[in-house]
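S.K.: Pulled these from TrEMBL:
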DOMAIN    12-81  domain 'Release factor glutamine methyltransferase N-terminal'
DOMAIN    107-204  domain 'Methyltransferase small'
BINDING   GLY130, THR131, GLY132, THR133, GLY134, ASP153, ASN196  S-adenosyl-L-methionine binding site
BINDING   ASN196, PRO197, PRO198, TYR199  substrate binding site
Amino acid sequence: MPESGRAPAEALLQPAAARLRAGGAVTPDLDARLLLAEAAGMPASAMHRHALLAASPDLPARFAAFLERRLAGEPVHRIIGRRAFYDHEFLLSPDTLEPRPDTEILVDEASEAVAASIAVTGQCVFADIGTGTGAIAVSLLALHEAATALATDISEAALVTARQNAEAAGVARRMLPVRMDYLAGLAGPLDLLVSNPPYIPHHDIASLAREVRDHDPLRALDGGADGLVAYRSIAEFAAAVVRVGGEVIVEIGIGQGPSIEEIFRDKGFVFVRTAKDLGGKDRVLRFRSPGRV
């Protein structure tokens, strides 16, 4: 029997998951559990079908409102307002891209480069271009106490969110958020430059899943006619500010590797390697600078 004044979560979870499944959700049970946990003010890890929920008069209404938003195509983590990435949970806003698991591969690769720089010089100064939530910069700073970061974005609203996430992770004193278009005006030198830039070709935007197309900021998705506009700018600025032996590490779209390699080689960078994503596709490229800084 349930405790007095408490009800089993199963009574709400099962019909909600059934509606989400009928609506085409890929992970209906998980979505329902996450949304119910948020509505109940409980950790998602504690939410399962046998969990007992406090009998709050407004809980069913809150959960129903979340459910309707999900059925309308809004992503679960947009509804909740945050998403786990690497070792932290990051606040989201309409001005930030939702960080996704494949980008953790970029953090893995960049962490290796940060550690190498620290081993040689005792520090690593890096830039995260188009920082958004700050997920990449914050994750790297949390992993390496001797690192400092310049986190740039063209959106001041995104930088507000990045600052909040850096403060929550305890790394704000080592991260400088700056409103900047790529690295315009920066003198350098940098040990490392990392970026998950917009790389979707403009003509492919309309065909994206509605959870992405309608809820991630367009400026964080649209990479121009060929999807490579941001890489050309990054390579140009990086050539002027990344030190001799420093690295540039970028996330890429499917099939873009050869073109991006050419862009960076034309600016004097040496290709280091490719890292594959969770689906086995090329997702991250690493380059080393022969340097002019």
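Glycine is no exception: its Cβ is also placed from the backbone N, Cα and C atoms.
Nobody curates TrEMBL annotations by hand; they come from automatic prediction.
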S.K.: Give me the count of other Cβ atoms within 10 A of the Cβ belonging to GLY130 (S-adenosyl-L-methionine binding site).
M.R.: 24
S.K.: Find the shortest Cα-Cα separation between TYR199 (substrate binding site) and the binding-site residues GLY132, THR133, GLY134, and name the residue that gives it.
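M.R.: It is GLY132, whose Cα lies nearest.
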S.K.: Cα of GLY134 (S-adenosyl-L-methionine binding site) to Cα of PRO198 (substrate binding site): how many Å, rounded?
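M.R.: The Cα atom of GLY134 (S-adenosyl-L-methionine binding site) is 15 Å away from the Cα atom of PRO198 (substrate binding site).
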S.K.: Starting from PRO198 (substrate binding site), work out which of the binding-site residues listed here (GLY130, THR131, GLY132, THR133, ASP153) have their Cα within 10 Å, and give them in sequence order.
M.R.: GLY130
S.K.: Please list residues from the chain of THR131 (S-adenosyl-L-methionine binding site) whose Cβ is under 8 angstroms from its Cβ, counting only those at least six apart in sequence.
M.R.: ALA137, ALA151, THR152, ASP153, ALA158, LEU159, ALA162, PRO177
S.K.: Restricting attention to the domain 'Methyltransferase small' (107-204), give the mean pLDDT.
M.R.: 95
